[in-house]
Amino acid sequence: MGHTKICWHTLFGNFLVAKSFFGSSADAATVKKIEEGYAKLNGPEGTKCKSLLKKHLTKDVMDKLKYKKTKLGATLYDCIRSGIYNLDAGVGVYAPDAESYRTFALLFDKIIEDYHGFSPKQKQPPVDLGEGKIHEFPPLDPKGKYIKSTRIRCGRSLAGYPFNPCLTQDNYLEMEKKVKRAFDSFTDRDLKGKYYPLDGMTKETQDKLIADHFLFKEGDRHLQAANACRFWPKGRGIYHNNDKTFLIWVNEEDHMRIISMQEGSDVGKVLERLIRGIKSIEKVVPFSRDERLGWLTFCPTNLGSTVRASVHIKLPKLTAKKKEFEVSRN
């Protein structure tokens, strides 16, 4: 019996402001890296590169952005470095801080429109988590013939903090304390559980979380190249409720990945739990939101509502007719 994960939709993610102590322009060494990166994307090495970065980082765009810098010191190079190192990337850009979405809008807006179909003239609607619409989501597969489990997740960034490349070790530890305080404040029995910090985690706890498929690892090569794994594993951790139907990743790719899941196809119940979790956390830890883009995230592919919903389905005897399976798979 095989299990296949099917994603329904990807929507949008968070915004914040940081203190300024850097100069206003990128230095000569950084500008040189940007120009060399552009040359790599468009030279022999980049022949097979099909990333949105390569598509939208034209010479004109590069020249207009290469000297710019955010208040926290993020440059165009910080945004594009992962896509330069990983020429097989689909997108190739990350936002080192929230201000980057505005400072480097000439590049980000083009990529966001290409990926999401969301133009610079459009604006996210007011926040509506869907509390009054749960009844519109009946179980997708009431007889349990196909769907094994249902999962909905969203990303959130904490107000007042930049994204991974600009975070200090103290920032990570401060953020961890704040979210732990939020977890400790839960009064909803369905959300109550335990937080497991990655730093100093025992082998026994590690094995337990791996068995539950809850443990996340240090970032892949794309995140590593984006400078997103600094001070690992400081300030990182995992929270789950007692029933293992509500899970939060702390300081993995985003500040928080909030996940609701359970066996079966009752999408309404899964969504309702996610909403309760989000609302309980933001009573203690305020989230950041941009008026136009919605909830900002480290990767522009997650922007806006940041919601992703998926199901695991069972497909028995899928490879019984291997030739037909290979054709359909390709």
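Using N, Cα and C of the backbone, Cβ positions are placed for all residues, glycine too.
Here is what TrEMBL says about this protein:
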SIGNAL    1-28  signal peptide
DOMAIN    35-117  domain 'Phosphagen kinase N-terminal'
DOMAIN    146-330  domain 'Phosphagen kinase C-terminal'
BINDING   Ser149, Thr150, Arg151, Ile152, Arg153, His213, Arg257, Arg308, Ala309, Ser310, Val311, His312  ATP binding site
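Mapped onto this structure are the features recorded in TrEMBL.
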{"residue": "Ser149", "record": "ATP binding site", "contacts (Cβ under 8 Å, 6+ apart)": "Met261, Gln262, Glu263, Gly264, Val311, His312"}
{"residue": "Arg151", "record": "ATP binding site", "contacts (Cβ under 8 Å, 6+ apart)": "Ile259, Ser260, Met261, Val270, Ala309, Ser310, Val311, His312"}
{"residue": "Arg153", "record": "ATP binding site", "contacts (Cβ under 8 Å, 6+ apart)": "Arg257, Ile258, Ile259, Ser260, Leu274, Val307, Arg308, Ala309"}
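Secondary structure at Val311 (ATP binding site), taken from DSSP and collapsed to helix, strand or coil, is strand. Summarised by DSSP class, the composition of the domain 'Phosphagen kinase N-terminal' (35-117) is 49 helix, 2 strand, 32 coil. A strand conformation is recorded for Arg151 (ATP binding site) in the three-state DSSP classification. Our reading of the ATP binding annotation (Ser149, Thr150, Arg151, Ile152, Arg153, His213, Arg257, Arg308, Ala309, Ser310, Val311, His312) yields a largest Cα to Cα distance of 19 angstrom.
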